[in-house]
């Protein structure tokens, strides 16, 4: 294997032949504009073995302010015109850092460019030469680059061709192995050296930490370190690019042994200011000349390096004592030794004082850098003392955070530290464990060695390896050629271009000729069209610009996609930062670059040999992202992205409980595009065009492509009648014979039988066209009576029914996407689907009152929980209480807001501030509001005044549930596995009602029997008798998280991530029924007291209704109007409210139940569905008395839908 090189590429960035401004205008627009930088030259010209390709954003990052024109070159005494040397750091798709050393200077404009664009003679332009490396060799790369620049413009000239020197240095200088000695090389008799420290030493950092401590005082260094330690948003500002890079890299090295896991852009190009709104943590640097006044910067720590000022966008917990005090003392002793010793009593007169004084006057050196790094390593060794004892000896290296924090609390004598808690949940610490550092079987790392040295009272420096006894020195011979013998000198007035290939020269000539042609055109008088620009982007230029944007976004998507595929089994995928960032890139891009880029990432991963198998958690996230991508592509008519998503979704899958492959494609069936003939016709044409060899039989070729189309049709669950009509239309268009038609019909029927036999029927929605021409989807519920597999097979032979379809009706839907009435698109073979019926013989539309949707603004971050104040929870006083009908929302911005829907236009009644982390649970009664948060606290508020009255602190982890019992008592549950009962009058914990082995996610309480049910991540539902203070049952059966449960009399209903719902007997603790029709995690369950039925909502987007028939629960109705995960169900005697992650809500109503338990005659009817939101819905709550549904979105908006109906519950 070839040895790695120090220098991977030498690159020249500057003005290319295609001149355009930063805002996209083509051609030379004057000296007051900045222009887009391009990659002008590079060596080696092609990708070498073992070396990755250059990042596409390199030119824009090397010249972040763009390219400017100047009337003169460097001016003596003018600092701004002199060459500048600075490093930048980029990140590739896999998260590895790319180190780039830059020297920017003014260089004359190329003569052919100046001539083509009519640029004045003797004009100079920004140019930047760069060295690219994956090794953090800042100093040697900087010296190499500066020497090359000096040699180029030296008045005495150089003895070799400049690009020969570049080639020699790039290809000949190897990267030494860690601790393997020193490599010496020279450039024109200037000696340079490089060495890499041993693996037993601190990580390689060929930079000085002095800029960090010169820009910030001790307190601000600690404050910046804390923000990075807790993985917050960090923005560095400085007037020098070098300062931004060196400080950002230095603070990352001070994090050792933790590695920064998030976005890292030390020098952000000027046009990338919108990146500051990224939802995930980041560390970015931005030149101080760039204005950010219009940016919100909520939650961003802005560090002004020029003025030593740090502004925090949100409250941030500080590092706990005693570590904070020790860290500060160590830093003061290193940076200000005389000040540290001022009050110290000197036992040996003059000796200690003199040594400290000498140390204080000593210039900053590498020994200071090492000591500074050891100070922060000592901090980690102290704060993680004994961490190995809490790492479970498993392949996953699971860390018992709760036990570690309890031990720490006992040792320090202080309550649980918020900062330490947040750090132990950070991505950096989790990556530290995943690397195996904490494994009991792993050898000691540098931090472990330091912990051992500290326990023995040794100096921290003893953990570092000493200097090698013998240094291995490798000398790289100087370049030799005929030019050296002749002693000729090469002098340059500009940086020379590398010899171009004929292809490169031809392309450059073509671009410049096109520019010359544009400049030679006679200009029209400006008065004729004063509003039009003189020049615009050509289609080719627009395509190139879009491709650049695609590459920029794909770099981010590739890293996010890779991290999404390593989500652990204990992580909620829809709450992960990777999912949220990808979703934001897909949703926020009007041109579809994010969506198409995401699909391309999947395709590239498949082509690289990926097995396409996803875990349950990964499947949920990827499925929702592909759904969103296709939905956005439909709105843009982007058929290329839709076709690619269709194909990739047919190979990416998970294994269900029966080890059967469940492909993502099956979950895309609710999207309306599959009903359109034009899509499948276009897809068939693309398949035909992709066939390389068309010399064979044409009928066979058409049949093969139609087979592929039919496979995808069956995959998305397109009904048999619709699918056959489309296939038959395409086949007849290409004159396919009857024999091939019969074979194709048989194959389609077989695939439909197999799919239905295992997965059941797929609900389909029809479409209508409104008079204005806008296409709107009308949704209908489907009534499906489950049948045995034998009955699910067609009761009529496909041969008998093949040509007996009602083609006229189907043609009306498939050709035009419309129908004369809002009816279900039904499959002939499905005998059990019924049309929605009109209740009580009157039109439902006549009984519907006015409907309105209001958007309530106030939250600055995602809405995480919603609560409806109902009459039931206000007790007997609720009938006349003016708080009924209110909604209470909690957000990631740490605030709680109370909304009064009756006050149209001024709905916000109160804002409650007191929590420091996201709100997760809300409850209320007629006088109080109770809120639980990720900050481990439960706060009680007075409804009348909006002031905090009580703070309940006894949990050691996030609060997941709160419940008001009777007036003075509150029930709380937490991720620490405990359920506690509180008396809010005395601020005391009455009892720890129950304990679970893992985090509790849901609970329910029966006020009459005083029975409590709670369940969570361990898949166990615990039943406790709070009156007798004992556990009654431990309900075992689920294999994954239990996310929801309901108690109804003697029945407990639980829904789990294992796709099942279980019904338990409270008296015996036995599972009476297992409901297994869903193909996704169960997110919500409800019990209908009117007919003793059960309603379930799942991540597969389906709502299923179950009723008892001859003692058994059977699914009597499927509601498939939503295309994404069901988030919330709320049921009453005559209503059902549904909220889903496809940004929509729906309300169902049913007629009066007949006497004698006429639940068989009661039919749920879709009452209304408002327009969808433009962003992702996170939570939903409903108010049955007022006929309102409220949803909270990821962008902080609360959407209130007032159905204005009189429903008696």
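Glycine is no exception: its Cβ is also placed from the backbone N, Cα and C atoms.
For 21-445, the entry in TrEMBL reads domain 'UDENN'. Residues or ranges marked as region 'Disordered' by TrEMBL: 487-538, 767-791. The annotation compositional bias 'Basic and acidic residues' is assigned in TrEMBL to 493-512. Annotated compositional bias 'Polar residues' per TrEMBL: 524-537, 767-780, in sequence order. If you look up TrEMBL, you'll see 912-951, 952-992, 1035-1069, 1075-1107 marked as repeat 'WD'.
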- Chain residues outside the repeat 'WD' (912-951) and at least six past its termini with a C-beta under 8 angstroms from it: 315, 317, 416, 418, 421, 861, 864-867, 869, 873-875, 877-878, 881, 883, 888-892, 894-898, 957-964, 967, 970, 972, 974, 982, 984, 987
- Query: Are there residues at least 6 beyond the ends of the repeat 'WD' (952-992) whose Cβ is under 8 Å from a Cβ of it, and what are they?
  - Reply: 402, 405-406, 415-416, 873, 917, 920-925, 927-928, 930-934, 936-940, 998-1003, 1005, 1007, 1012, 1014, 1016, 1024, 1026, 1029
- Helix, strand and coil residue totals from DSSP for the repeat 'WD' (912-951) stand at 0 helix, 23 strand, 17 coil
- Whole-number mean pLDDT, the repeat 'WD' (912-951), equals 89
- Message: Within the repeat 'WD' (952-992), count helix residues (DSSP H, G, I), strand residues (E, B) and coil residues, in that order.
- Response: 0 helix, 24 strand, 17 coil
